[in-house]
Amino acid sequence: MSGIIATYLIHDDSHNLEKKAEQIALGLTIGSWTHLPQLLQEQLKQHKGNVIHIVELAEHEHTNSYLRKKVKRGIIKIEYPLLNFSPDLPAILTTTFGKLSLDGEVKLIDLTFSDELKKHFPGPKFGIDGIRNLLQVHDRPLLMSIFKGMIGRNIGYLKTQLRDQAIGGVDIVKDDEILFENALTPLTKRIVSGKEVLQSVYETYGHKTLYAVNLTGRTFDLKENAKRAVQAGADILLFNVFAYGLDVLQSLAEDDEIPVPIMAHPAVSGAYSASKLYGISSPLLLGKLLRYAGADFSLFPSPYGSVALEKEEALAISKYLTEDDAFFKKSFSVPSAGIHPGFVPFIVRDFGKDVVINAGGGIHGHPNGAQGGGKAFRTAIEATLQNKPLHEVDDINLHSALQIWGNPSHEVKL
């Protein structure tokens with residue numbers, strides 16, 4: 001294989017999966033086949049999409065009810081020749097799912113890139129090992145927290161929040177994805193002020209914290225804004241990838257003048273991936289494609305919290321981010337939304353040590369503030385790695401957190 005193989009979930013009311021698959025393969029490549037003269041068929045054969053796999057799935061009554069018709073469901077795979085497209089994500093997505101995405105009854109499940117095609121993508125600049133080297137933390141999950149309620153607040157408020165989170169033992173603090181360039185907390189001022197706070201905490205407490213600042217602006221201004229952030233001392237760039245496009249992420253990741261990790265936020269991705277019947281699968285969108293395009297971190301809804309993904313999907317995202325691949329470094333999985341210390345044993349069980357535990361309200365909502373919230377998480381992480389049940393840990397911050405949010409791991413065998 002020198003091109004790409006697309007895997008689709010299809011629904012067909014004519015109950016002929018073979019015909020539907022062939023129509024897709026032709027429609028996204030040469031357009032027609034059987035009515036072409038023999039000579040033209042020979043000329044176009046190397047450009048034709050080829051159906052290589054068809055499996056019928058069991059009938060699904062909920063699907064029939066939703067679509068208001070009886071359909072046959074199936075998984076199909078089509079191989080698209082590399083000759084047909086340039087080696088970039090806009091061309092690949094348009095080839096494999098462009099006008100097909102308008103069908104409304106087809107879901108792009110996966111894309112399998114040939115080695116020849118993979119060579120055209122950067123992958124993460126730092127990856128898991130590189131991020132761990134920056135923090136000098138190699139033996140546990142990382143802990144990340146989020147600035148909360150920053151809109152309409154000034155730099156002084158940001159500095160106080162940042163200091164408390166860092167003292168609490170948080171490894172990474174990220175901007176809220178809805179904090180854009182503004183007069184109260186402009187980009188470079190956030191970075192410079194944040195660096196001062198974090199350096200002070202490091203000198204006093206010996207704990208290093210990185211700050212992920214939100215990279216925003218018009219698309220053609222992003223590189224300039226990113227370079228300004230780097231010059232000001234940015235540790236990490238948070239980026240709302242799907243508001244801009246995967247190719248924009250790749251462009252940032254490939255730029256040698258932007259030598260910092262990139263953290264991909266999933267904002268807007270639900271518009272592409274939320275339906276089970278159409279769109280693009282979450283594992284492909286938030287896992288494989290983000291990694292290939294250069295994300296060092298991928299945030300996605302956890303299977304436990306307030307905006308939950310199904311566990312199978314969340315684990316599939318993580319698999320794509322972390323599986324061995326000779327072409328790409330591994331990206332950090334960041335299962336997010338509604339996370340509190342009681343979920344730490346589940347996160348470590350399901351995602352392993354190479355994960356970023358990301359919390360907002362679970363840190364800021366602690367009775368002892370963000371310092372207490374961070375310490376509760378760090379204690380929960382340490383106890384989990386020692387296989388110690390959280391309810392047996394003698395720690396006031398963790399105990400307070402479990403009283404507020406509960407301890408689901410106490411009720412479930414891990």
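Placement of Cβ uses the backbone N, Cα and C atoms for every residue, glycine included.
Note that the structure is a prediction, hence the values are computed from the model and not measured.
Site annotation (Swiss-Prot, ligand substrate) includes K148, K174, D175, D176, E177, G338, G360, G361; from H62, H265, H399, the additional listed residue is H265. D175 (substrate binding site) sits 36 Å from K99 (active site, proton acceptor), taking the CA atoms of both as reference points. For the pair E177 (substrate binding site) and K99 (active site, proton acceptor), the Cα-Cα distance reads 31 Å. Looking at the residues that bind substrate per the record, K148, K174, D175, D176, E177, H265, G338, G360, G361, the two CA atoms farthest apart are separated by 18 Å. Between the listed binding-site residues, namely D175, E177, the fewest other CB atoms within 10 angstroms of a CB are found at E177.
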